[in-house]
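TrEMBL annotations:
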type    : residues                                                                                             : note
BINDING : A:N70, A:M99, A:Y128, A:H164, A:S186, A:R187, A:G188, A:D227, A:A228, A:C229, A:R230, A:E266, A:Y293 : substrate binding site
BINDING : A:H270, A:H334                                                                                       : Zn(2+) binding site
BINDING : A:C412, A:C415, A:C419                                                                               : [4Fe-4S] cluster binding site
Number of protein chains: 2
Amino acid sequence: MRAYTTQMDAARKGIATPQMEAVAQKEHMPLEQLMQLVAKGQVVICANKNHTCLDPQGVGSMLRTKVNVNLGVSRDCKDYDVEMEKVMSAVRLGAEAIMDLSSHGDTQPFRQKLTRECPAMIGTVPVYDSVIHYQRDLAELTAQDFLEVIRMHAQDGVDFVTLHCGITRKTIEQIKKHKREMNIVSRGGSLVFAWMSMTGQENPFYEYFDDILEICQEYDVTISLGDACRPGCLADATDVCQIEELVRLGELTKRAWERNVQVMVEGPGHVPLNQVAANMEVQKSICMGAPFYVLGPLVTDIAPGYDHITGAIGGAVAAMSGAAFLCYVTPAEHLALPNLEDVKQGIIASKIAAHAADIAKGIPGAREIDDRMARARRKLDWEEQFACALDPDTARAIRDSRSPEDDHSDTCSMCGKFCAVRSMNKALAGEYIDIL
Amino acid sequence: MRAYTTQMDAARKGIATPQMEAVAQKEHMPLEQLMQLVAKGQVVICANKNHTCLDPQGVGSMLRTKVNVNLGVSRDCKDYDVEMEKVMSAVRLGAEAIMDLSSHGDTQPFRQKLTRECPAMIGTVPVYDSVIHYQRDLAELTAQDFLEVIRMHAQDGVDFVTLHCGITRKTIEQIKKHKREMNIVSRGGSLVFAWMSMTGQENPFYEYFDDILEICQEYDVTISLGDACRPGCLADATDVCQIEELVRLGELTKRAWERNVQVMVEGPGHVPLNQVAANMEVQKSICMGAPFYVLGPLVTDIAPGYDHITGAIGGAVAAMSGAAFLCYVTPAEHLALPNLEDVKQGIIASKIAAHAADIAKGIPGAREIDDRMARARRKLDWEEQFACALDPDTARAIRDSRSPEDDHSDTCSMCGKFCAVRSMNKALAGEYIDIL
C-alpha cells in the first residue's frame, strides 16, 4: 500500500513521488516548486497506478507544451500490430500522449497492450467505448453501464479519461434556443446529448460525478473535462453555450480537487485568431489554472486538407497564452480517417506550434536547439543542420533531391551563388566575393 | 499626359484614378477613405504606368492581407513558358503579387512577358539582376550600373522594386562588432554589403536615393525598402542591427513621400512568437504606417521542410498585428529551390495566414465564406463544403480516397457512425439515433 492515492494527494502530503522527480528533472524545475503546482492542480502528472511502463510527463502552462495524438483500432484498421506501430512511431516523433479512440471490435486487448508497452500517457473517451463494449445501441445503455466502462478503463491503466460532465438537461434547451451554426461537434458530447434526448435522463457523467471521482481516486486517473459545446465553426466561438459549459467545468474542477483528483480542462475548437488569447485567460480564471487541453484552435473554417496548419496557428498562440496541452490535428480533419502520412504531418505541425510557444514563454532550455541550428547555418554545416531539424529525413530529402550547382556545393539550390551566408562569410573574412 | 505622376500624387491632388476605383470596390471601402490612405502613404497601389494588364491591388493593414510569391527563371528552370505557367498557377491559387527573382540568362524577355500578360503586381530585386544583366562580377559594377538596372525595370513595367537602401558603411562596423549569430541573411542585403566591402564605397541605393526617387516617380514604381539586417535566426531578432536599419527606413520613407513616391517597408525574418506583435507596432510607429511587407516571420529555426508552417504561424500573428503583405515561404526554404508542389504548399499556407488575420481584424466580408462552410458542414452538404474550401481538389481527394462506411454515406470515415453532426441533426429533429 502506498501512502497516498493520487499524485495530487501525495503533493499535498509533501510526498515526492518517483513521477514528480522524473518530471522535475525533465522540466529543469526544482522538485519543491513542481510539488506546489501539483498540489494546487496547476500541473497534472497523468500516471495511472497500473500503467507501469509510463515515462511520466507533467502537463501545465509553465512546463514544456505537450502534444496528444489520437489513434485506435477502427473498422478500417483492425490489426493491433499495425496500429501499435503507428503508436510507437508517434511517440518517436515526439507525441507525449496517445488517446485511444478505438471504435471497433473488442477494444480491451489493444488498450491493455498500450498500457503494457507504450511509455506515453494514455487517454480514452469511455462514452465512445460504451457503445462498442456492450454492443447495445446508445438508448439502451444505463448510467451504471457508463460508470462500469470508466472503471474498466481505470483498471486497464488509462492515465486520463475525457468525460463530458459539463452539459446538463438545461443544455438541450440552450442549444435549441441559441441556434448555433454547428450545434455540438464534440463526438463524445453529441453522444451524451443524444443519450439525454432519447432517455429523458440527466447526464450521467454529471449526475454521478462523485462516483466517478471515487474511481479516479482509486487508480489515479486524471479527468479531462470534455467540452461538449466547443465551437465547431468561427461563428459559434466564445458564445453562451461554450462559456456556460466552461463555468460548469470550473465548478467540477473544484469538486475533483476536493477529492485530490487531478483535472485537465478541454477547450476550443474553432476560434478566430483575435479571440484565442482571451479564451485562454477566461479558462485560467474560471478553472483556477487547471491545465488547458486545446483541440486546435482552428483559426479558419475554410481549409479542409490543411487543418494541421490552421491548428498550428491557433495552437501556437493558445500555448503562448496559457494552454498546456495540444491535441494534434491532421490534414484529414473534417474529411477522413487520417492515414500514416496524415498522422505524421499532424504531429510535426503540433510540435512546431508547441515549440514556438515554449520559446515565446521562455521555457528553460527551449531555444537551445534553435541557437544550435543558427550556428550550423552560419557555418553551412549541413549535417549539423539536419541533426537540429525536427524532421531530419524530410529536410535531407528535399536538399538532396535538388542538388546545388557543382561549384557551390556548400550552399543549396535555393540561392546557389547568391547565398547570403556564403557572401557574408567571405566578406567578413575580407575575401573576394565571386558571384558570377 | 496624365495630370499626376504617382497614385500618391493623384490622391494628394484629389484625383480618383481608375486603379483607386477598382481597389475601393474590391475592398468594400469608400473611395474617399481609400484616397486619404493613399495620400498618407498608409495604402499603396503598386501600379507601374507600363504594366497595362494589371488588376490593381491595394496594400495596407486596413485592407485584405495580400500574398507574394517568388518565382523566376534560374539555371535549373530556364524555360520561359514553364515558368510563366507557374506564375499563372500562383495567381489562380490567390497570389496577388509575383516577385521575379530570375537569376539566369537574359532576364528582360521574361520580365517583359510578365508585365504584358500577368495581372498580379510584379516586383523585382534589381541588385540581383545587376550581376546577371551586365555579366560582370559584383566588384566590377558601379553605382550608375545599379541605377541603370532600376531604370530598365521601371521601363519594363515593374510595379515594385526591393532596394536595400537602409544599410550604410556604418553597418559594416556594426555587423562586425555586434557578432550576430547569422550576420546578414538577406540575399540582396548581402550583395550590397559585399559590394561595399570590396569597393570601399557607400551603399549606392542610399547615396543616390534621390536619383532613384526620380525614376520611381516617373514610372510610378513603389519602393519596397529591403531589410538587409532582418534576423536570420531567433537569436538575432529585434536586435540593434535590425532596429537601427528600421530607423533608417523610416527616414527614407519620409523622403520618398516628399516626392510622392509610394513605399512599403520589408520586415523580419526569424522572430520568436512573443516578439511578433511588438515588431509590427515598432514598424508602424517608426515608419508612420507605411505598409509592412513581412518575410515569414518564422517562429522557430528548427523546422526545415516545414517552414511554410512556421511562416504561417508568424504571418498570421503579424498580419493580425498590422502587417499588410506576406511573402510566402515554401517547405523548401533553407534547403532547395522550391518545386511546383512546394510553391503550391507555400501559397496555401500564406493564404490561410492572411485569411485568419483578416477575420481577426474584422476586414469587411472576410468571414462570409467561413460562415457558408459552417452551414454546409451542418447540412453534411459535401459539394458545398468543397465549393467553400481554399483548395477544393485536395479536400475532395482526401475524402474520396477513404470512403465512409456504406450505410453512413452522408458522414466521412473520420468518425463514421460516431459523426457528431449526424447525431445532433437527428437528436434535434427528435429522431432515434442509431450508433451501432
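Quick reminder: no glycine exception, Cβ is built from N, Cα and C everywhere.
Just so it is clear, the model here is predicted, and its values are computed rather than measured.
Minimal Cβ crowding within 10 Å, among the binding-site residues A:Y128, A:Y293, is found at A:Y128. Secondary structure from DSSP puts A:H270 (Zn(2+) binding site) in a beta strand. In this entry, A:C412, A:C415 stand out among the binding-site residues A:N70, A:C412, A:C415 as having a C-beta under 8 A from a C-beta of chain B. Cα separation, A:A228 (substrate binding site) to A:H334 (Zn(2+) binding site), rounded: 17 Å. Across the annotated binding residues for substrate (A:N70, A:M99, A:Y128, A:H164, A:S186, A:R187, A:G188, A:D227, A:A228, A:C229, A:R230, A:E266, A:Y293), the two most widely spaced Cα atoms sit 20 Å apart. There are 27 other Cβ atoms within 10 Å of the Cβ belonging to A:R230 (substrate binding site).
Annotation for A:C412 ([4Fe-4S] cluster binding site): same-chain Cβ neighbours under 8 Å, separated by at least 6 residues, are A:R399, A:P404, A:C419. Counting only the Cα atoms, the space from A:G188 (substrate binding site) to A:H334 (Zn(2+) binding site) is about 16 angstrom. If you take the CA of A:H270 (Zn(2+) binding site) and look 10 A around it, the binding-site residues you hit from A:N70, A:S186, A:R230, A:C415 are A:R230. Across the binding-site residues listed here (A:H270, A:H334), the residue whose Cβ sits among the most other Cβ atoms within 10 Å is A:H270. Rounded to a whole number, the C-alpha distance linking A:S186 (substrate binding site) with A:C415 ([4Fe-4S] cluster binding site) is 47 angstrom.
Classification of A:Y293 (substrate binding site) by DSSP places it within a strand.
On a Cα basis, A:H334 (Zn(2+) binding site) lies 20 Å away from A:Y293 (substrate binding site). Using a 10 Å Cβ-Cβ cutoff, A:G188 (substrate binding site) registers 23 neighbours. Here the Cα atom of A:C415 ([4Fe-4S] cluster binding site) is found 40 Å from that of A:N70 (substrate binding site).
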